[in-house]
């Protein structure tokens, strides 16, 4: 995408304030006109002074223009600052809302650091572009456009010098941009890699300390920074050369204007004031051309990071070079508002495959009656979590249907679907906020009494009372101020308060010790009452009380039945029980003999 298209796309974010922006730009255009008139008035003052004429009138006009220009610039700059700052605040809020509302499948494919990094860098870049657009960009263009004909009307010879100066600036800028385009893209790529590595290291600092990787990580970051600097230096060299050439051209042009102007004054073809006016024009043109150069550097350096941001926003499709929004799962939610359901869940021949991966599910069918507890067991990568992600529409199946209370979930709204499902993950997923805020995450309007009651049900109230600030205690990043059992009980309290009719327990106790697991299990048993509950577990001892056990392997249900039936069938589930030490071969054989005897009777 060209620099101009990126610039135009950046300005579209100001469309909500188009009237205020238009007025600011109009005022700057007027200021540009005034700036062109200023050297002419000053030249008139010099002419009157050199001819010993009365200068009060021309001097007064020149002073009035100067004062008006200064005051107007202050007022316009103040309003431009206000607009740019307010629009940046709105952009951060709206972009955050769009990003966080994207489907989970989209988030799983992205780096958390890159998302936040792209958003924050782009907001600062856009802020600067908006500010410069309202203050300088259009005003600079108008001033340059006005300078040329006015200069030619005064003297075409000196005006030609200014024209040549403008062409030199343009040629230098074009050559440097073409020479450094790939280099600047490489700089942005190295920049992302460097800060992504830094962020990854800080997130996993405990692992680095444990494995004594501190020095190695510092060396790695040093290497990244050296690569970044190596990519940056050639770009800087080219722009330094451009700056030197522009300065040289400006100086030569100024000298030529003075020499030619002096020659014309001696011949009587020009007055001293006109030469002074041309010197003012030259200074004005040089300053405006410098602004154009700075703007070119600015948009050139911002190109890659803005492209990343626009793709993130879905405003452009870089491959087709068009402005459009890519279609996502989040755009496909229906418009049926799902009320509070009973909890009847049905999978009908559901199949799903990940892109470029072998894991998925194939032709899965089952019915979970309202209030039943269904345990999903199987080896790692079998598709257990994928099934539950499909139920929550993290992904959409390639084939088949998923129904809740007989309604296809592709026809219901995103909010109403998620409102009916509560999930307790293996990682508790606590935010760096107060305990109270974490518990009320699924029900912000909940009263404190409801929060306390949910914590009591989750066997969390006692330890919360002993915290420094009780329910107002901050839990730290990912809840690291609390123990594993405390974090998990808060997560369970959150599910209790949400009071959703469908509950998903995704390895909710697998990371806990036996004593803590028993406490959490009691809380989970209370939570399961009158809810359709799906338990994903590797610890098979946690699924004894399930009404239905599904054994999943390679994306397919290979066995399904009650715990008792499957444990006595000498099939896959019984093998899992034996490998887990829960049931011995002797127990399985005894169970089989019992079944045979019963059948014979």
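Sequential numbering from 1, following the chain as shown.
Yeah, the Cβs are placed from backbone N, Cα and C, and that goes for glycine too.
All TrEMBL annotations are machine predictions without curation.
What TrEMBL says about this protein:
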- 22-301: domain 'ABC transmembrane type-1' (DOMAIN)
- 345-579: domain 'ABC transporter' (DOMAIN)
- 21-42: transmembrane segment (TRANSMEM)
- 54-76: transmembrane segment (TRANSMEM)
- 133-152: transmembrane segment (TRANSMEM)
- 158-177: transmembrane segment (TRANSMEM)
- 244-264: transmembrane segment (TRANSMEM)
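Among the recorded stretches 21-42, 158-177, 244-264, the one sharing the largest number of Cβ pairs closer than 8 Å with the transmembrane segment (133-152) is 21-42. Among residues of the same chain six or more beyond the transmembrane segment (158-177), those with a C-beta under 8 A of the stretch's C-beta atoms are 3, 144, 147-148, 151-152, 238-239, 241-242, 245-246, 249-250, 253, 256-257, 260-261, 264, 275, 278, 281-282, 285-286, 289, 292-293, 296, 300. Remote same-chain partners of the transmembrane segment (21-42), defined as residues 6 or more beyond its termini with a Cβ less than 8 Å from a stretch Cβ, comprise 14, 58, 61-62, 65-66, 68-69, 72-73, 75-76, 79-80, 83, 133-136, 138-140, 142-143, 146-147, 150, 276-281, 283-284. For the domain 'ABC transporter' (345-579), the model's pLDDT averages out at 86.
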